[in-house]
Structure formats: C-alpha cells, structure tokens
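Colleague: My questions will all concern the structure given below.
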Amino acid sequence: MGTMGKAFYSVGFWIRETGQALDRLGCRLQGKNHFREQLSRHRTLMNVFDKTPNVDKGAFVAPNASLSGDVHVGRGSSIWYGCVLRGDANSISVGAGTNIQDNALVHVAKTNLSGKVLPTVIGDNVTIGHSAVLHGCTVEDEAYIGTSATVLDGAHVEKHAMVASGALVRQNTRIPSGEVWGGNPAKFLRKVTEEERVFFSSSAVEYSNLAQAHATENAKNLDEAEFKKLLNKKNARDTEYDSVLDDLTLPENVPKAA
C-alpha cells in the first residue's frame, strides 16, 4: 500500500471512529432511558492495510479464531477454536486438508537474528496440535506437530516427519523425512513407524470430516438453533420412563415364549 493508500485508510478509520463516538454520546444524552449493549468487535478475518486473508470456501475457520493479514487457507483445511494466524509482517500459507488445532499460534518473521524475511509455509494434510507455536518456518506435507510444540524461524520439517509434544525446534533446524524429534532443544529420537505414518494421513482426514460438522452447526442462525433446542426437548424422554424401560428389558423380566 502506497502513501496515498495509507492516507485514505487513516481518514476512513478516523471517520468510523468519530461516528461511533457520536453514537455513544447520543445514547448518554438520553439519560436513564438509554441502553448500552456490549458487542464484541472480534473479527475472524481481518485485513491489515491491503493484506486480506484468503480462505477457500471448503475450509472451516472457527468463529473465535483470528486470521489477519496475508493468510491463505486451502480447501478442506480447518482452523480450530482460539487459533491465531497473524500474517501482518509476512505471508502464511496453509495447504489443503491441514488441521490447526485449538489455541495454536502461527506467525511470521520480518526480522530475526539471521536478518532474513521469513514467511510460514504449511503443506497439505498436516496436523498441528493444540497450543503449538509456528514462527517463520516450513512444514511439509503430512508432517505432524505435537501438542504445545514450538517451531522457530527458519526451521524446516520435512514430509512425514514428527515433532513430539512440548518440543522446541530451534532456528534453522532441519528435521529429515521420517524422523521423530523431541525435547528442548529438539533432537533426533527415532524413526517414524509405519503405523505413525498411516496415522498422520488418517488424522488429517478425520479432522477434515469433523470440521464439516462444526461448520454446519456454526452456520445456523439463532432461529434454527432455538428450533433445534425445542425439537430436542420435545423428543426427550423422561428419565423415569427410561428407568422403567430398563427394568422391563432386564433378562429376568423378559417374558418367555410359549
């Protein structure tokens, strides 16, 4: 974005903020008759100047996740609850069928010790565990990043490699294909087993399928959600009825055939 573009953006921001301030002032002038409703200003997708997230229609992004700036999410991928993908200083690319689980953080590097400008690149069918941190690194297809693991600037996790839960992968570390690394700092532990390799692929598929169910539920409006509650309440059976039914179906209570 050039100087003129930034100037127009700033003017637009000031106008919006001024309008909101006038609205608040008008409400207060109504005295005891005014009503103030607290609204969340959280935006799942947020641009940073001219950088706007690009999410495929077939991907799922949880409503309380945050994607900002230059972020691309491929088809069938899922960004779960509480995740933050912040592409404000550089780009983040997430391939197809990848799942980034709850509370994970993906960021980029504009400056670091090596002086390199580093994006974060995540391939296809990758599993990123809960509360993991990825910063200016590359993760190839069908790799597995464990829960609460940290992968730092310039690190490269190759295809079918695994970073164990809680591990810290230091800057510019390369984890070869088919290896498991763990510890702080992360070191080679052993080779990936065939069962684990199959699990990497199946985990990505299972999360992709689960994301579709969550996307359907999150897409429902208030009326649809309330109707579903009423329907469930109407069809619910009384616990006393269930207890009587259980007594009747005990083997000793089932009448014998003549």
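Indices start at 1 and increase along the chain as displayed.
Even glycines carry a Cβ here, placed using N, Cα and C.
For reference, Swiss-Prot lists these features for the protein:
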type	residues	note
BINDING	Arg86, Gly87, Asp88, Gln101, Asp102, Asn209	substrate binding site
BINDING	His107, His130, His135	Zn(2+) binding site
TRANSIT	1-43	transit peptide
Colleague: Please identify, among the binding-site residues His107, His130, His135, the one with the smallest Cα-Cα distance to Arg86 (substrate binding site).
Modeller: His107
Colleague: How big is the gap, in Å, between the Cα of Asp88 (substrate binding site) and that of His107 (Zn(2+) binding site), rounded to a whole number?
Modeller: 8
Colleague: I want to check the contact list for Gln101 (substrate binding site): same chain, sequence separation of six or more, C-beta distance under 8 angstroms. What comes out?
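Modeller: Looking at Cβ-Cβ distances below 8 Å from Gln101 (substrate binding site), excluding near sequence neighbours, one finds Trp80, Cys83, Thr127, Ile128, Gly129, His130, Ala132, Thr147, Tyr207.
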Colleague: Rounded to an integer, what is the Cα-Cα distance in Å between His107 (Zn(2+) binding site) and Asn209 (substrate binding site)?
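Modeller: With distance taken Cα to Cα, Asn209 (substrate binding site) is 26 Å from His107 (Zn(2+) binding site).
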Colleague: Based on DSSP, name the secondary structure state of Arg86 (substrate binding site): helix, strand or coil.
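Modeller: In the DSSP reduction, Arg86 (substrate binding site) maps to strand.
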Colleague: Find the one among the binding-site residues Gly87, Asp102, Asn209 whose C-alpha lies closest to that of His135 (Zn(2+) binding site).
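Modeller: That would be Gly87, the closest of Gly87, Asp102, Asn209 to His135 (Zn(2+) binding site).
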Colleague: Tell me, by DSSP, whether Asn209 (substrate binding site) is helix, strand or coil?
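Modeller: DSSP call for Asn209 (substrate binding site): helix.
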